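J.: What follows is a single structure, and I will ask about it in a moment.
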Amino acid sequence: MHTAESESTEQQDNRLNKLAGFQLMMIRHAMKFPSVQRIVYSTCSIHATENEHVVRAALKSEECASGRFKLGPRDDVLPTWHRRGLSEEMDSPEDANSLVRCSPGEDATNGFFVSLFVRETETLPNKRKAEAELEAETPTEFATKRRKKKKKKVAVV
């Protein structure tokens with residue numbers, strides 16, 4: 001037999017799981033955009049279900065692998081903030097160290113969580129960057145300028 005307290009706990013767990021599923025779907029969707037370089041995932045929650053569990057699932061997703069996303073290093077995510085992700089909820093302590101947490105009663109907040117997904121960049125320069133560097137190296141006096149050809153006026157008789 002369920003008590004009122006266990007029912008409210010079950011309802012809360014169900015609500016958190018639904019929120020986490022929706023939040024994961026949003027992160028995975030954002031990872032599909034080719035021009036996206038960074039994704040900040042933040043909640044006003046203290047629950048690992050909405051925080052570390054969502055990040056862990058996102059890191060294991062196909063979208064994360066195909067988009068070449070990883071967690072941003074601690075140095076890029078509020079480096080001086082002392083409270084980090086819960087290492088027991090993540091696959092590696094390094095991943096937990098990349099996350100930021102604020103706890104009620106300890107950090108003068110109601111609870112807060114931040115993660116940063118960063119797309120790994122290719123080591124080879126892209127075509128536009130290579131062209132820009134080449135133009136910058138070419139002396140302007142020797143550079144050829146493209147000129148539009150003027151159309152000849154034709155008299156109509």
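Each residue's number is its place along the chain shown, starting with 1.
Backbone N, Cα and C define each Cβ position, glycine as well.
Annotations in TrEMBL come from automatic prediction, not curation.
Note that this is a predicted model, so its numbers are computed, not measured.
Sharing the features that TrEMBL gives for it:
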- 1-120: domain 'SAM-dependent MTase RsmB/NOP-type' (DOMAIN)
- Cys44: active site, nucleophile (ACT_SITE)
- 127-157: region 'Disordered' (REGION)
- 145-157: compositional bias 'Basic residues' (COMPBIAS)
J.: For the domain 'SAM-dependent MTase RsmB/NOP-type' (1-120), what does DSSP give as the number of helix, strand and coil residues?
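T.: For that range the per-state counts are 52 helix, 21 strand, 47 coil.
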J.: Taking the Cβ of the residue listed as 'active site, nucleophile' as the reference point, list residues of the same chain whose Cβ is under 8 angstroms away and which are at least six residues distant in sequence.
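T.: In sequence order, the residues whose Cβ lies under 8 Å from that of the residue listed as 'active site, nucleophile' (at least 6 apart) are Asn110, Gly111, Phe112, Phe113.
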